[in-house]
Amino acid sequence: MASRNPPPQDYESDDESYEVLDLTEYARRHHWWNRVFGHSSGPMVEKYSVATQIVMGGVTGWCAGFLFQKVGKLAATAVGGGFLLLQVASHSGYVQIDWKRVEKDVNKAKRQIKKRANKAAPEINNIIEEATDFIKQNIVISSGFVGGFLLGLAS
């Protein structure tokens with residue numbers, strides 16, 4: 001159960017005080033919580049029918065795919081246009097590019113990325129394992145999301 005915090009003067013620091021809430025008690029007192037989040041906190045399989053899961057996954061996947069497509073087009077246009085303008089300016093003599101320095105900087109960046117990737121490998125493996133577990137537990141909504149995402153990219 002949640003208990004109220006003592007008055008602020010009992011703390012060493014008067015800056016902030018926090019209250020710990022017990023969500024199970026909160027859900028019992030607020031019935032809308034149960035309507036929105038359901039009675040169980042398990043996988044989606046326990047809460048909704050297969051058709052509902054497929055529709056939910058498909059709609060969210062389509063939205064994500066559509067946005068990914070639009071943002072991707074915009075980013076590709078900006079990068080491609082910038083590169084094209086840089087090439088025209090270089091060819092016209094407005095800009096001088098030191099390609100040896102560019103190559104040196106790119107190689108330095110590659111080495112730094114490899115170092116950081118090797119350090120981050122355990123955390124990435126953790127995230128991948130959690131994502132895999134989620135997908136296995138919610139295979140229907142996950143497959144709906146993937147299908148919707150691909151449809152969103154295509155539209």
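The backbone N, Cα and C atoms fix where each Cβ goes, glycine too.
Per Swiss-Prot, topological domain 'Cytoplasmic' is recorded for 1-47 (among others).
Averaged over the motif 'YXXL' (18-21), the predicted model has a pLDDT of 72. According to Swiss-Prot, the feature motif 'YXXL' maps to 18-21.
Feature annotation from Swiss-Prot assigns phosphotyrosine to Y18; the stated evidence is similarity to another entry. Reduced to three states, the DSSP call for Y18 (phosphotyrosine) is coil.
The transmembrane segment annotation in Swiss-Prot covers 48-68 (among others) and rests on sequence analysis.
If you look up Swiss-Prot, you'll see 69-74 marked as topological domain 'Mitochondrial intermembrane', on the strength of sequence analysis. Non-local neighbours of the topological domain 'Mitochondrial intermembrane' (69-74) in the same chain are 152-153, 155; each lies 6+ residues outside the stretch with a CB under 8 Å from one of its CB atoms.
Annotated transmembrane segment per Swiss-Prot: 75-95 (among others), in sequence order, evidence recorded as sequence analysis.
The feature topological domain 'Cytoplasmic' is assigned by Swiss-Prot to 96-133 (among others).
Classification of K119 (ubiquitin cross-link) by DSSP places it within a helix. The ubiquitin cross-link annotation in Swiss-Prot covers K119.
The transmembrane segment annotation in Swiss-Prot covers 134-154 (among others).
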Round to the nearest Å and give the CA-to-CA distance linking K119 (ubiquitin cross-link) with Y18 (phosphotyrosine).
35
Cβ atoms near K119 (ubiquitin cross-link) (within 10 Å, other residues, all chains):
9
Same chain, outside the topological domain 'Cytoplasmic' (96-133) by at least 6, Cβ under 8 Å from its Cβ: which residues?
86, 90
